[in-house]
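Annotated in Swiss-Prot:
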- 71-76, 105-109, 129-130, K142, K151, 169-172: NAD(+) binding site (BINDING)
- E184, H247, H264: Zn(2+) binding site (BINDING)
Amino acid sequence: MITVDVDLGERAYPIHIGTGLLSQAELFAPHIRGTRAVIVTNETVAPLYAARVEAAIRSLGKTVDMVVLPDGESFKTWETLNRIFDALLASGADRKTTLVALGGGVIGDMTGFAAASYMRGVPFIQVPTTLLSQVDSSVGGKTGINHPLGKNMIGAFHQPQAVLADIDTLRTLPPRELAAGMAEVIKHGAIADADYFAWIERHIAGLNACDADLMAGAVRGSVQIKAAVVAQDERESGLRAILNFGHTFGHAIEAGLGYGEWLHGEAVGCGMAMAADLSHRLGFIDIDTRNRVTALTRAANLPVVAPDLGVARFIDLMRVDKKAEAGEIKFVLLRKLGQAFVTTVPDTDLRATLQHAVLRPPTEAPVA
């Protein structure tokens, strides 16, 4: 087992990475201080892993309740969140009750938001079961739900007590879900570590095949990068914004198509190819770097051609973004491979990227 610590002073917590973690009661024990835990999971994950986690926590002498929600991004709503609150109130959960988020990013985000809100804050543990949630969404304390006009627009910062990333759970992921997680792995290399990006390039075939050792390496590499960024900028007032590389385009794709039509990682993957293209158009990176980002995204079985939402619609959707200020869209771009920054962009270059992205992969798009 590998442990990476998120250094946030009194809110610091460990991220445990390994196999067989779901059954290890000793990993849960330090973080469930009350007498009760509530596992929040979904209809897909519950039959696979809920009994294992429940047994581990019960072995500590704790009372365990379970909330099983429908699966999918389209259920990341107020209505679904209220089902968690209803269950907590019905079970008599108090301020010492620990919530356990067992599932992917949707479950982690909603459980974390419920924990941040219930009785003004209760502890929770992240047990991510998808690659995307293990390398990204379970780390850093961002929680929330979607609004019809924008993704993750309603939420709170609420750090978990611990993260247990069990690599065994990745073996049951459908190929599309695995690919979606690879988008965030690639993102971390692109924005912060060129050597890590090159490692992903060398091992992409094995990663696509879900090789356990390579997956552990990818989770560790990504978590180390994200933990370092979060430790420096917990509330996204500066540096942490670079973790949104590809997300301004990606969130617009998700909202424009309807949440759940594309997986979050698929939209981010396409968004990274678009952001790399825009970085090149503005003269920050050379064509080879742009092509490497797009080629690796494609090699990870992610889309690199954007849906044709229309340029005006795309821009309107991107204005509903947490980075936007006074209606001005901000993008995370690459200054070079492994170094990202936040900036505004000229309208003509943005429109050029949008127009070419829906016609052909950015690697094939002529640059004006």
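Cβ atoms here come from the backbone N, Cα and C positions, even for glycine.
Under DSSP, S74 (NAD(+) binding site) is assigned to a helix (H, G or I) in the three-state scheme. Per-site Cβ counts within 10 Å over the binding-site residues S74, T130, T169, T172 peak at T130. Here the CA atom of G105 (NAD(+) binding site) lies 12 Å from the CA atom of E184 (Zn(2+) binding site). With a 10 A radius on its CB, G105 (NAD(+) binding site) counts 24 other CB atoms from all the protein chains.
The Zn(2+) site is defined by E184, H247, H264, and by the 8 Å test on Cβ atoms against their centroid, the other residues of the chain that qualify are L132, D136, S137, A183, K187, G246, G250, G265, A267, V268, G271. The two recorded residues S74 (NAD(+) binding site) and H247 (Zn(2+) binding site) have their Cα atoms spaced 18 Å from each other.
DSSP assigns E184 (Zn(2+) binding site) to a helix in the three-state reduction. Its Cβ placed at the centre, H264 (Zn(2+) binding site) has 28 other Cβ atoms within 10 Å. Considering only the binding-site residues G105, G108, T169, T172, H247 (Zn(2+) binding site) has G105 as its nearest partner by CA-CA distance.
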